[in-house]
Amino acid sequence: MMKIGVFVPIGNNGWLISTHAPQYMPTFELNKAIVQKAEHYHFDFALSMIKLRGFGGKTEFWDHNLESFTLMAGLAAVTSRIQIYATAATLTLPPAIVARMAATIDSISGGRFGVNLVTGWQKPEYEQMGIWPGDDYFSRRYDYLTEYVQVLRDLWGTGKSDFKGDFFTMNDCRVSPQPSIPMKVICAGQSDAGMAFSAQYADFNFCFGKGVNTPTAFAPTAARMKQAAEQTGRDVGSYVLFMVIADETDDATRAKWEHYKAGADEEVLSWLTEQSQKDTRSGTDTNVRQMADPTSAVNINMGTLVGSYASVARMLDEVASVPGAEGVLLTFDDFLSGIETFGERIQPLMQCRAHLSALTQEVA
């Protein structure tokens with residue numbers, strides 16, 4: 001079975017950088033409605049990112065953002081089955097604090113919580129607070145994250161850490177209570193360094209889908225992750241990010257997609273390109289360089305599935321056929337209606353979710 005998750009819109013306007021796309025602010029009530037609807041349709045998990053400074057432009061893209069841990073704590077309290085993941089911007093939060101917050105949300109959720117660790121690539125997010133460690137950090141960020149996760153594992157596993165490293169020094173550091181079950185750690189490494197980290201420490205790794213209606217184009221990325229995991233003797237699957245834009249017919253959906261592209265906020269796209277060029281130390285295979293690619297920058301170049309309900313179902317089944325692909329993380333042009341049509345019209349047609357069809361119909 002392929003896992004299905006929703007990438008909740010913690011920032012304004014979700015993931016479409018377009019004046020023609022729905023314009024909305026992030027609120028707890030909106031995200032509660034989205035995640036409860038996702039749970040109703042048997043989505044497996046919900047994840048929120050963290051963004052500390054937006055991209056500006058006419059659409060004020062991501063200038064308005066909630067905070068990930070507090071949002072997901074609230075969502076954990078109003079759900080009962082769906083897995084909940086928050087994102088830690090590790091430059092802003094000491095690992096001992098993240099360990100304690102995660103243990104708290106584990107208690108709120110009844111063991112349904114996990115943590116997504118990010119190193120931070122957007123320099124202005126951290127410069128505005130005076131905590132950017134300098135541009136050498138670009139080349140050492142996974143060294144930093146390795147120490148960070150070792151402290152987390154100590155505290156979650158034993159309740160105590162005396163870790164000593166280049167970045168962190170723990171002196172009989174304590175966290176109790178500990179999580180009720182082993183805490184899941186996820187990452188989104190796409191560079192060689194990121195995948196090596198995920199292979200060693202993550203439970204699964206997110207990657208970008210690629211292109212428009214090319215559902216298996218990410219296969220080389222999944223293969224790289226699989227190969228990296230084989231080096232560590234661990235099973236670390238890939239979860240792939242896609243935007244779903246669906247309607248009754250392929251033509252109607254294609255027209256909607258072209259309309260969104262025609263309204264692209266060029267000021268935001270230029271700024272994103274500029275930011276992607278700031279990191280000259282991490283190589284050419286990072287997530288941010290894919291985000292800024294002009295091919296489909298209107299939705300940050302995540303894989304895009306545009307078509308009728310049947311076409312999208314077929315393409316998601318193709319995703320499931322890729323070796324190493326264990327799940328997808330979905331965004332929608334309109335989240336509330338998108339999740340409903342996914343649950344009612346797309347998921348029942350998916351072979352990789354066929355076992356849920358009868359169950360979904362019972363609760364619909």
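Each Cβ is built from the backbone N, Cα and C atoms, and glycine gets one as well.
Copied over from Swiss-Prot, here are the features:
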- Ile50, Lys51, Asn116, Glu125, Arg141, Tyr142, Ser191: FMN binding site (BINDING)
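Under DSSP, Asn116 (FMN binding site) is assigned to a strand (E or B) in the three-state scheme. Across Ile50, Lys51, Asn116, Glu125, Arg141, Tyr142, Ser191, which the record gives as binding FMN, the greatest C-alpha separation is 21 Å. All protein chains included, Arg141 (FMN binding site) registers 24 other Cβ atoms within 10 Å of its own Cβ. Within the same chain, residues at least 6 positions away in sequence whose Cβ sits under 8 Å from that of Lys51 (FMN binding site) are Ile10, Gly11, Trp62, Asn65, Gln122, Glu125. Non-local contacts of Asn116 (FMN binding site) by the CB criterion (under 8 A, 6+ apart in sequence, same chain) comprise Leu47, Met49, Tyr85, Ala86, Thr87, Ala88, Val185, Ile186, Cys187, Ala188, Phe206. Summarising the environment of Ile50 (FMN binding site), the number of other Cβ atoms within 10 Å of its Cβ, over all protein chains shown, is 23. Secondary structure at Tyr142 (FMN binding site), taken from DSSP and collapsed to helix, strand or coil, is helix.
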